[in-house]
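Colleague: First the structure, then my questions, so here it is.
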Amino acid sequence: MASVYDRHVDLDQFMKGVKKRNHGQTEFIQAVQEVAQDIFEFIEDKEQYHTAQILRRIAEPDRIVSFRVCWEDDEHNIRVQRGWRVQNNNAIGPYKGGIRFHSSVNESVLKFLAFEQTFKNSLTGLPMGGGKGGSNFNPKGKSDSEVMRFCQSFMSELYRHIGPNTDVPAGDIGVGGREIGYMFGQYKRLTGRWEGVLTGKATEYGGSQMRPEATGYGAVYFLQNMLKHAGHDVEGKTAVISGSGNVATHAAEKIVQLGGKVLTLSDSGGFIHDPDGIDQEKIDWVKRLKNERRGRISEYADHFTGATYHDGKRPWDVTCDVALPCATQNELNEGEAKELVENGVIAVSEGANMPTTLDGVKVFHDAKIMYGPGKAANAGGVAVSGLEMSQNSERISWNQERLGDMLTELMADIHEKCVEYGDQGEGHVDYVKGANIAGFKKVADAMLAFGVV
Ligand SMILES: NC(=O)C1=CN([C@@H]2O[C@H](COP(=O)(O)OP(=O)(O)OC[C@H]3O[C@@H](n4cnc5c(N)ncnc54)[C@H](OP(=O)(O)O)[C@@H]3O)[C@@H](O)[C@H]2O)C=CC1
Ligand SMILES: O=C(O)CCC(=O)C(=O)O
């Protein structure tokens with residue numbers, strides 16, 4: 001008798017199902033679409049993946065925990081926020097991925113991030129599954145005490161769902177060293193245990209050297225590998241960077257160290273353009289502005305002569321050789337991608353997660369420029385988090401130099417995997433395809449080994 005379930009759905013039927021089951025979750029649907037088109041091609045002649053419905057299963061989170069987070073502001077008002085942890089897939093290791101605090105956070109955003117994280121973590125070669133969490137809490141303008149009370153309340157719910165062998169969160173937008181400290185302190189208080197349950201900790205209490213730098217540096221190493229593969233170098237290149245947080249400032253720092261010139265940085269208000277170049281001294285100033293004074297990037301143009309501030313704008317119309325979107329999802333659209341290409345960009349390396357819209361990706365693809373998608377290019381952060389987990393379990397700590405070498409090697413390996421599965425001949429590499437297939441294969445083969453679970 002014919003089965004009512006057709007194992008051989010095509011891409012369109014598959015995406016129809018995804019859209020129906022995840023109605024209105026536009027970011028999640030976008031992330032699945034971008035992966036599915038490559039995976040369907042890859043598994044066309046591989047019956048085992050169809051029979052076991054592997055992609056269908058990866059695109060359905062193992063579980064989503066959602067909870068209320070109550071906290072008291074400095075005026076003694078009771079505030080109520082939502083918190084989530086999306087545990088997408090733990091086939092190859094404990095769930096692993098950051099926590100985001102931003103007013104735009106919702107279930108769709110966290111599902112897309114956890115889905116992407118599953119492929120990214122697989123690409124690192126380390127034993128980590130994919131997860132992501134967060135809240136619609138907006139830390140901007142809040143006092144340290146308010147942030148502390150919020151973090152403690154958030155962890156009072158989250159702690160029962162995480163653990164060093166279960167799920168290991170870290171930072172993301174709006175969650176840096178300060179927030180990780182408050183959350184780790186609360187976990188320790190609630191459980192009575194010191195264990196490596198979060199990464200991105202300060203080095204005084206078990207954090208890893210190089211973790212703050214790892215995502216931004218890693219995105220530049222990935223860029224460097226792409227350029228080298230095509231016979232180019234970072235030295236002498238002009239770079240346009242968006243964002244001015246952890247990833248953007250460290251990407252800028254590494255570009256400068258390798259002899260490139262950084263022209264822009266941005267935040268959600270607008271971007272600054274400094275034709276003289278944003279050197280190390282200026283980057284340090286931006287780090288203090290953002291991490292200590294918690295100010296706006298517009299202040300840069302008041303402080304440094306020659307720089308201009310462009311209110312409400314994104315930096316993609318500034319002519320450059322390389323572009324690094326390092327702020328947030330969907331911050332670079334089709335029109336902006338066309339503008340970059342027309343202005344002669346040769347490579348794009350994504351420090352942020354899914355910063356380019358699907359139409360924008362198509363522009364880069366058609367123009368055959370070197371385009372490193374976030375799940376490969378920004379994997380250095382979670383890779384060093386994986387190394388932090390190893391150091392915590394072994395009760396050891398590696399030095400900066402050793403970790404720097406490991407990060408460089410990890411990014412070169414990820415680049416190699418992308419080339420292995422994405423080489424299109426005549427010197428062109430489809431890095432999206434390479435990252436999707438290499439990331440998928442390891443998770444899929446582990447899932448096959450487990451049977452139907
Ligand atoms: N931290 C990490 O290790 C990793 C981060 N990533 C990704 O990198 C990106 C940046 O993260 P990170 O640097 O850690 O975060 P931060 O909070 O340190 O910085 C975020 C930056 O992006 C800007 N930004 C945030 N939302 C928007 C928006 N809607 N429009 C325009 N600008 C925006 C912020 O500006 P403003 O201050 O005005 O909000 C800020 O400049 C994210 O996509 C994150 O998922 C990826 C891998 C690892
Ligand atoms: O280090 C981690 O676990 C989090 C990294 C992360 O959230 C990401 O890669 O997007």
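Cβ coordinates come from backbone N, Cα and C, glycine included.
Below are the features listed in TrEMBL for this protein:
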- K96, Q117, K120, G171, S385: substrate binding site (BINDING)
- K132: active site, proton donor (ACT_SITE)
- D172: site 'Important for catalysis' (SITE)
- T215, N246: NAD(+) binding site (BINDING)
Colleague: Could you check the recorded positions K120, K132 and say which one's CB has the most other CB atoms within 10 Å?
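Modeller: The residue with the most neighbouring Cβ atoms within 10 Å is K132.
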Colleague: Under a three-state reduction of DSSP output, how is K96 (substrate binding site) classified: helix, strand, or coil?
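Modeller: Going by the DSSP assignment, K96 (substrate binding site) falls within a strand, counted as strand.
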Colleague: Under a threshold of 6 Å between Cβ and any atom of ligand 2, which of the binding-site residues K96, T215, S385 are retained?
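Modeller: Near ligand 2, sequence order: K96, S385.
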Colleague: Please report the distance from the Cα of G171 (substrate binding site) to the Cα of K132 (active site, proton donor), rounded to the nearest angstrom.
Modeller: 10
Colleague: Taking Cα atoms as reference points, rank the recorded positions K96, Q117, K120, K132, D172 by distance from N246 (NAD(+) binding site) and give the first.
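Modeller: Of all the candidates listed, D172 is nearest in space.
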Colleague: Which recorded positions among K120, K132, D172, T215 have CB under 6 Å of ligand 1?
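Modeller: Among K120, K132, D172, T215, near ligand 1: D172, T215.
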Colleague: Taking the Cα atoms as reference points, how far is D172 (site 'Important for catalysis') from K132 (active site, proton donor) in Å?
Modeller: 9
Colleague: Around the Cβ of Q117 (substrate binding site), how many other Cβ atoms lie within 10 Å? Please give the count over every shown protein chain.
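Modeller: So the number of other Cβ atoms within 10 Å of Q117 (substrate binding site) is 26.
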Colleague: How far apart, in angstrom, are the most distant Cα atoms among the substrate-binding residues K96, Q117, K120, G171, S385?
Modeller: 16
Colleague: Compute the mean position of the Cβ atoms of K96, Q117, K120, G171, S385, which form the recorded substrate site, and then list in sequence order the other residues of that chain whose Cβ is within 8 Å of it.
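Modeller: Going along the sequence, the neighbours come out as G97, G98, N121, M128, G130, G131, K132, A170, T199, G381, V382.
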Colleague: What kind of secondary structure is T215 (NAD(+) binding site) part of, going by DSSP in three states?
Modeller: helix
Colleague: By the DSSP assignment reduced to helix, strand and coil, which category contains Q117 (substrate binding site)?
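Modeller: SS state of Q117 (substrate binding site) = helix.
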Colleague: When you measure from the Cβ of S385 (substrate binding site), which residues in the chain that are at least 6 apart have a Cβ under 8 Å away?
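Modeller: In sequence order, K96, M128, V168, A170, T199, G200, S208, R211, A214 meet the Cβ cut-off.
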Colleague: Fill in the CA-CA distance, T215 (NAD(+) binding site) to K120 (substrate binding site), as an integer in Å.
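Modeller: Cα of T215 (NAD(+) binding site) to Cα of K120 (substrate binding site) measures 12 Å after rounding.
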